[in-house]
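Copied over from TrEMBL, here are the features:
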DOMAIN    1-31  domain 'EGF-like'
DOMAIN    34-70  domain 'EGF-like'
DISULFID  Cys60-Cys69  disulfide bond
Amino acid sequence: PCDKQPCQNGGTCTVGKIGFICKCQLPFNGPRCENGPCTSNPCKNNGTCEVYRDGYRCNCKMPFNGRNCETGELNEIH
């Protein structure tokens, strides 16, 4: 069952009693290590999400900032 490399995001596959088991690298989880801190798209306003061992970081587009790029001010042109 591990021949097709079912584990994602660097997970390690081992043969279990009923198929395979994925041992996931932090911070990933799920049956195939498919879930990570960026899976839910936490970065708002077109920010990009980067995975780190202890979680994630948002790279925000101007003029947004904050943990999830949720704050910012748009300057209006008059």
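Backbone N, Cα and C atoms are what each Cβ position is placed from, and that goes for glycine too.
Here Cys60 (disulfide bond) comes close to Cys43, Asn45, Gly47, Gly66, Cys69, Gly72: these same-chain residues lie at least six apart in sequence, with C-beta atoms under 8 angstroms from its C-beta. Other Cβ atoms within 10 Å of the Cβ of Cys69 (disulfide bond), summed over all protein chains shown, number 20.
Across the residues of the domain 'EGF-like' (1-31), the predicted structure has a mean pLDDT of 95. Within the domain 'EGF-like' (34-70), the DSSP-based counts of helix, strand and coil residues read 0 helix, 13 strand, 24 coil.
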